[in-house]
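> After the structure tokens below, expect a handful of questions from me.
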Amino acid sequence: MTSYAKLSLFSPAKINLFLHITGKRADGYHNLQTVFRLLDWGDTLEFLVTQDSFDPTAPINEQHLLVRLSSTVAITAQVMDNLVIKAAVALLQAWQNSALTRSSDPAVTPHLPVIEVTLNKVLPTGAGLGGGSSNAATTLIALNKLWGFHYDIEALIKIGATVGADVPIFVLGQDAIAEGIGERLTPIKLPQHQYLLLNPAAHAATQALFAHPDLQRNVPALSIDEIKAAQSCYLQQLNAPFSNVFEPVVTKLVPEVNQALNYLRQLEALTGTQARMTGTGSSVFLPIPTDKISLITHHLSNAGAPCDYVLTQSLDKNGQNPE
């Protein structure tokens, strides 16, 4: 067991500075290349050890209560589909599948406490900001401590990849180049930046986007060294060979995203930077130089924006890495 009784952890958003599909895999998934950037804007999760307990060796099913989840927004109708619950189940399954861990770890007791989880939701869903994946990663990190499993970050990343393709970056907790389906991560040092994010209240289904005939699926893969050396092409600008291959498809299918992106493009003359979409949408963002923040703030206060927006900055710390 552990001495932790309660944890409160930040669950950040991410943006994709670019997003390429480099080919289709034998398993039906697509290989991607992207640079993930974590933001100082996100949800908060509170984890409380309760007096209730469960047998961690028992089979896991819907009646196997590992955590009690409450949220400031509506939770998935089928609770087992919630990524917080999926993360808890994946962590326990990994422990159950490791006889070595069970036999050699004196910190693990015959019974583990049920954890009460409160999700204070800020991030919009279906926005390409990774909110659900971030919540799942934060849950893995918290329960790893509270249940005394002592998995290292590499192990948690592997477990996270079974929950969702974007979960590993949030377990890593820092900006990174991602390859594969998002699970192969190479940390990258990027300068601090501010961003204006617009969050339209509409989005296209990810499955439909991957199936769309106009989606570019064969962008030539770049080496890690090439991506690191070309930061000036995707940090404040988005120049060839970098792009978000989903952006032209989403802007055709979702007028609200196109409207938000056009709004940001009108500000490019003020900022000298380039707007783009994150992930598969629907959020779009514009890098804002420090000396332009007051100008953009003044513009927003006078002219407003076509949808919800937030001014934020890149996360300047290592995030949620486990101890």
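Counting begins at 1 with the first residue displayed.
Every residue gets a Cβ built from N, Cα and C, even glycine.
Pasting the relevant annotations from Swiss-Prot:
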- Lys14: active site (ACT_SITE)
- Asp166: active site (ACT_SITE)
- Pro124, Thr125, Gly126, Ala127, Gly128, Leu129, Gly130, Gly131, Gly132, Ser133, Ser134: ATP binding site (BINDING)
> Expressed to the nearest Å, what is the distance separating Ser134 (ATP binding site) and Lys14 (active site) at their Cα atoms?
8
> Can you see whether DSSP assigns Ser134 (ATP binding site) to helix, strand or coil?
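SS state of Ser134 (ATP binding site) = helix.
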> Measuring Cα to Cα, how many Å separate Pro124 (ATP binding site) from Asp166 (active site)?
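That separation, Cα to Cα, works out to 16 Å.
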> Give me the non-local Cβ neighbours of Gly130 (ATP binding site): same chain, 6+ apart in sequence, Cβ-Cβ under 8 Å, ordered along the sequence.
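Once residues fewer than 6 apart are set aside, Gly130 (ATP binding site) is near Ala13, Lys14, Asp166, Ile169, Phe170, Gly279.
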> In sequence order, what residues of the same chain, 6+ apart, have a Cβ less than 8 Å from the Cβ of Gly132 (ATP binding site)?
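Non-local contacts for Gly132 (ATP binding site): Leu83, Thr125, Gly164.
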> So which other residues, same chain and not among Pro124, Thr125, Gly126, Ala127, Gly128, Leu129, Gly130, Gly131, Gly132, Ser133, Ser134, have a Cβ within 8 Å of the centroid of the Cβ atoms at the ATP site?
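Residues close to the ATP site, other than Pro124, Thr125, Gly126, Ala127, Gly128, Leu129, Gly130, Gly131, Gly132, Ser133, Ser134: Ala13, Leu123, Gly279.
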> Which of the three DSSP states, helix, strand or coil, fits Lys14 (active site)?
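Reduced to three states, the DSSP call for Lys14 (active site) is strand.
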> Let me know how many other Cβ atoms fall within 10 Å of the Cβ of Gly128 (ATP binding site).
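Gly128 (ATP binding site): 28 neighbouring Cβ atoms within 10 Å.
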> Any idea which of the recorded positions Pro124, Ser134, Asp166 has the thinnest Cβ neighbourhood at 10 Å?
Pro124
